[in-house]
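A.B. asks: Below is the structure I would like to discuss, written out as structure tokens.
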């Protein structure tokens, strides 16, 4: 990692270039007047500095609007020319999580709200605005350790020059950063970003700013499904490197969600395209081998058996990878510290391998636009504003999207079956009973591979069985016709006075075999063996008439 460098420290001179009047007027949510000495909490809500300090002292450090825990140490000055010293302190202070997009469940028309202040604080920094940006984002199921993982990634990115394992810190050190806790309650509501970038170098030596983003999972049963998918779609559009965090194994629901939030992301009228790199992280894997060795095998099987063509295309285009992470052991899930001492050794080793690999590859993926040009920090700020406006205000009928996806998958399954029976119909060397057995086994395999709800599966089963019965009925009839034509040819040979005999019979048998080999398509009813028998009849007729012509 010699091409990396430590986080640079800003100074008051460089900060002066950052300071521009990006905020004209901000109203305090406490006094309802124009903010005096405007500040923002970690959640992004703005207040007068005096108002919020007084409020936090008597209200247990809770934001008045969203009720999120926010202590006074994390009060951030808003960008104004007059508070240069405070902004300098902010730029040189350690980073913190800030809410980029919040969920407002009271607003049914636009439940997602972008915090423009946070966007400016992150991407209009003097050390970010004119260089490429890489956003590492994580989506997936709730309570599966997304925030926990990002905190260890943050530790590694903050110690890029470290060549041993000391970046993981001491066993007793409590894990801080993105808020997380064990238990059933989800903490992350919306999309959160680590306020301080980590700086690395691109292959050509150019600097790149790396930001970490945490996302509410689209699989959160407590949240509106459309809202969850919109959040995942936005995270996919913001990011250049996307981690899909999954518990136990990749199942059909995970693939459906991936397809749907990518559909929403691609539908937006924006200059952004979804992530350039996709990595599945499977948590609590229970069988060896783990890591990338077992992960790529698992992903290969999933890709082969997946009935969703859109997902197959995504896996191929995004150079998808998969890493299997074992269970952390009994201590970590019961702890709120997240220290190394609570992890099993095999989990600790896999965590180290995964994060070291991730950090080595991050700088290869600067955020690109749809023309494959690198996006600078200030450009990304504009793109994020636009794409959030488009997707947040759009009305998506998730039922229709899911139905469309199911119909497409059903159609693919039926086309697959139709090709199978078409290929099977190209030969009549299989008896009807044997053909019935093979076709029924194929139907059973398709129904096993396509994992949907019982009602949907029953409908597909009915359709496939209808096509199966029609095919077997036609096949049986054609088989009998072909066999009858062959028998007719044999009779003709006998009536002709034994012209076909001895070696001649063997020769004509060769014609029959050849005819059976070339009979294809719609000519099957009279092709194959039947066509060969017809050739025999013609030759028999010729052999019986030629002596008369000679006389």
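Cβ coordinates are placed from backbone N, Cα and C, and glycine is handled just like the others.
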A.B. asks: Between the candidate ranges 456-480, 481-505, where does TrEMBL place the transmembrane segment annotation?
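C.D. replies: It is 481-505 that TrEMBL annotates as transmembrane segment.
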A.B. asks: How many of the residues that make up the domain 'RING-type' (28-67) does DSSP mark as helix, as strand and as coil?
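C.D. replies: Its residues divide into 10 helix, 8 strand, 22 coil.
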A.B. asks: Over the domain 'RING-type' (28-67), what is the model's average pLDDT?
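C.D. replies: Mean per-residue confidence for the domain 'RING-type' (28-67): 80 out of 100.
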